[in-house]
Every structure is written in structure tokens, then in C-alpha cells.
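Some notes on the structure that comes next.
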Amino acid sequence: RAALAVPRPAAVRSRPGRAWRWRNLLVSFAHSVLAGLWALCSLWHSPELLSDIQDGYSVSGHLLVCFSSGYFIHDSLDIIFNHQSRSSWEYLVHHAMAISAFVSLIITGRFLVAAMLLLLVEVSNIFLTVRMLLKMSNVPSPALYEANKYINLVMYFAFRLAPQAYLTWYFLRYVEVQGQGAFLTANLLLLDAMILMYFSRLLRSDFFPSLRKGSAGRDVDGAKFLID
């Protein structure tokens with residue numbers, strides 16, 4: 001409801017097909033701020049959790065995973081009910097993976113610390129979503145976009161690639177590949193592939209535009225949805 005109340009920039013108002021995408025990004029931004037800072041504060045206040053990734057437990061972490069599961073369910077339904085499945089199918093795949101993994105953690109109470117580490121990615125998503133909002137609104141100040149571009153790159157390494165690499169190493173080395181462990185390991189490896197694909201798109205779009213080539217999902221206006 002708050003996202004609907006935020007004034008839309010002229011570039012969005014002039015293209016009706018972008019109204020849904022703008023609102024969807026604002027909701028994503030709100031989730032990133034809340035979940036990212038929540039995960040960061042929870043781990044900062046209880047660093048002992050990091051010594052027991054499989055069986056460590058905290059009420060805060062449990063509620064965080066529940067909260068983010070709710071967001072992924074909401075966003076999936078928002079995409080489907082607004083007929084954006086074709087342009088956003090990769091998000092639906094990602095959300096299905098996240099929901100299934102998080103529900104298994106909520107039920108068993110195991111690997112919650114791993115989920116908290118993964119949700120540090122939302123700190124990076126704050127700047128990634130700001131980047132997308134700036135592009136959609138055609139902000140007149142290129143300096144603002146340029147500054148966010150480099151901050152986004154640093155955050156991508158610190159809060160997306162680094163935690164993901166550590167968890168992949170941990171699961172392959174210490175987690176038994178059976179039952180829930182096998183299911184989560186498979187999810188993690190698929191997520192690795194998606195993150196590297198998104199990273200290559202980000203680099204091509206922001207740092208090596210000459211290497212860009214057409215493809216991925218497009219929104220109802222024909223504008224690139226995932227690549228941009």
C-alpha cells in the first residue's frame with residue numbers, strides 16, 4: 001500500500017506498462033532494506049551462530065526466514081496475477097527455490113544460520129534495486145547513477161558473492177548429501193549458477209556495454225527486464 005502511494009516519476013507515468021514494474025520494485029526495495037538489515041543485525045548480535053551453521057538457532061533468525069518466505073510468496077503471486085510470468089520467469093524460478101528451501105528450514109529448524117547468511121544478499125539488493133529504479137525514472141543526474149553503480153559492485157562482492165561462495169564450500173565439505181542436506185545443496189548450486197549469470201549481465205550492462213547482446217525477458221513495453 002505504501003508503494004502505491006509513492007509518486008511515480010514522469011518516465012513511468014508516460015508508459016503505463018511500467019507502472020506495475022515500478023510498484024513491484026518498490027516492494028522489493030522495502031523487503032531488501034528490512035531483511036538485509038535484519039540479517040546483518042542478527043548475525044552481528046549473535047556471532048556465535050556462525051560456529052554452528054547446521055543446528056544454530058535464534059528466534060530472530062527463524063522469524064526472518066518466515067518474513068522473507070512471505071515476501072517471496074507475495075512477489076510470485078504479484079508476478080503471476082499481473083500477467084508478467086513470461087518476462088519474469090527467472091524470478092519465479094528463483095522464488096520457487098527460495099520458498100521450498102526456506103519452508104524446509106522453518107519446519108525442521110535446521111540450517112537457519114545458512115539462510116541468515118544467504119539473506120545478507122538483501123543488503124546488496126538495496127543498491128541493485130536503486131539502480132533499476134534510477135534507470136526506470138530516467139534520473140537527470142548521471143553522477144547519482146555512477147556512484148550507485150560502483151557501490152552496487154562492491155556490495156555485490158561483499159554481500160552476495162562472498163556469503164554464497166562460503167556456504168557452497170561449507171555444504172560441499174561438511175554437509176551430508178542426503179535428505180534435506182542434498183536438497184539444500186542442489187538448491188545452492190543452482191543459485192550459484194543464477195548469481196554468476198546475473199553478475200555477468202550486470203558487468204556487461206554497467207561496465208562493458210559494448211559486450212551486451214539482446215535477449216532475456218522483456219516487460220510489456222518491450223524494454224529489457226532482466227538484463228537491464
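Positions of Cβ are set from backbone N, Cα and C atoms, glycine also.
What TrEMBL says about this protein:
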| type | residues | note |
| --- | --- | --- |
| DOMAIN | 17-211 | domain 'TLC' |
| TRANSMEM | 25-45 | transmembrane segment |
| TRANSMEM | 113-134 | transmembrane segment |
| TRANSMEM | 154-172 | transmembrane segment |
| TRANSMEM | 184-203 | transmembrane segment |
Chain residues in Cβ proximity to the transmembrane segment (25-45) (below 8 Å; excluding those fewer than six residues from its ends, i.e. six or more beyond): 2-3, 6, 58, 60-61, 64, 67-68, 71, 74-75, 78, 116-117, 119-126, 129-130, 132-133, 136, 159
Stretch-averaged pLDDT - the domain 'TLC' (17-211): 94
